[in-house]
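Residues or ranges marked as active site in TrEMBL: LYS188. For 9-178, the entry in TrEMBL reads domain '6-phosphogluconate dehydrogenase NADP-binding'. Residues annotated as domain '3-hydroxyisobutyrate dehydrogenase-like NAD-binding' in TrEMBL: 183-295.
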Amino acid sequence: MELSKISGLGFVGLGAMGLPMAGHLAAKLPENVHIFVFDINQASVDQLHQEHPQRITKCSGAKEVADKSEIILTMLPEGKHVRSVYMEGGSDTICSSDISGKLLIDCSTIDTASSLAVKDYIKEKFPTASFYDAPVSGGVVGAQKATIAIFLGCDGNDKNLPHLVQLLQLMGKEVIPCGGPSKGLAAKLSNNYLSGIIAIAVSEAMDMGMRSGLDPRVLHKVYGAGTAQNTICDRFCPVPGVYADAPSSKGYTNGFKVQLMRKDFGLALDMAKRVGAKNVLGEAGYATYDGASEDPRCRDLDSRVVYRYLGGNEDWQKDADEATASKLD
Ligand code: NAD
């Protein structure tokens with residue numbers, strides 16, 4: 001389905017991620033394509049419409065979006081919302097429209113079982129429609145800058161792949177076909193499991209090193225030069241004041257919320273259980289993100305705030321300065 005040949009594209013779910021993603025489509029799609037949008041939060045629909053009044057049409061529900069569009073994207077919080085918007089929400093769902101021959105792309109991070117349930121339902125009711133999972137990574141800033149990575153649940157030989165890549169690249173930098181249905185989600189969940197575990201490990205390693213008298217900037221260099229090198233430590237260091245651009249150095253703001261990490265970590269563990277994969281670190285990792293999500297000192301902050309949750313010293317610079325001053329006295 002070539003972008004230059006369609007006349008309507010739909011977008012359901014204009015939240016922290018969906019709003020800037022839809023904004024990029026409104027700014028970059030060929031002029032012939034009109035965008036039909038819906039969100040239960042009217043304020044975000046109005047905002048997008050105000051930003052692109054010629055391009056955007058506000059719809060009354062998911063069915064109207066699907067009626068008017070040849071390609072429909074969704075960006076919703078959890079599996080239950082995706083099930084509801086596609087098939088379980090009564091008479092106002094995407095599947096209550098005739099979506100034969102249409103392309104449906106779900107960018108939400110949800111459980112693989114819900115995604116496959118939606119895909120199977122669509123395949124049975126509308127055999128000529130195509131549904132893909134396409135979760136994203138890179139956060140709200142990445143969505144605003146169109147630098148997100150997109151993990152596409154699609155086979156490398158799928159006839160729709162070139163068109164999907166062309167469309168998704170309007171919102172992100174890299175589109176990686178992961179091999180087939182629900183595999184984009186499986187890739188995203190295993191990625192977030194790994195990055196969540198690494199953040200806890202970096203926090204613990206830094207804490208034990210600092211308590212042994214090491215400067216965290218020295219530890220940062222040591223890990224970077226040694227076998228422990230990893231992106232979380234390099235660019236998202238959980239210890240404040242080590243890497244200036246890390247969320248920790250800005251009060252753990254502008255990052256990936258700890259509650260979202262808890263959600264993705266839990267989904268990853270469910271997936272692991274379902275496929276029979278053993279995790280010795282899973283339970284401890286989940287308990288850490290669960291505890292941090294409920295801790296008022298950590299809630300709503302970047303997930304690397306686990307360093308704070310685990311009792312790491314954030315005032316190390318001040319303590320070091322005071323120690324130096326007292327030696328000079
Ligand atoms: P959000 O809560 O900000 O946005 C979700 C939007 O969906 C909201 O505007 C909400 O009103 C809308 N919605 C919910 N139910 C609906 C319904 N029945 N019909 C229409 N609209 C409905 O969430 P977000 O941060 O944009 O995240 C969306 C997805 O992307 C999640 O699965 C999340 O895990 C994933 N994600 C988020 C980030 C991030 O940093 N925020 C990064 C990568 C992936």
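Every residue gets a Cβ built from N, Cα and C, even glycine.
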Report the same-chain neighbours of LYS188 (active site): residues 6+ apart in sequence with Cβ closer than 8 Å to its Cβ, ordered by sequence.
THR109, PRO135, VAL136, SER137, PHE151, ASP264
Arithmetic mean of per-residue pLDDT over the domain '6-phosphogluconate dehydrogenase NADP-binding' (9-178):
96
What is the three-state DSSP composition of the domain '3-hydroxyisobutyrate dehydrogenase-like NAD-binding' (183-295), stated as helix, strand and coil residue counts?
79 helix, 1 strand, 33 coil
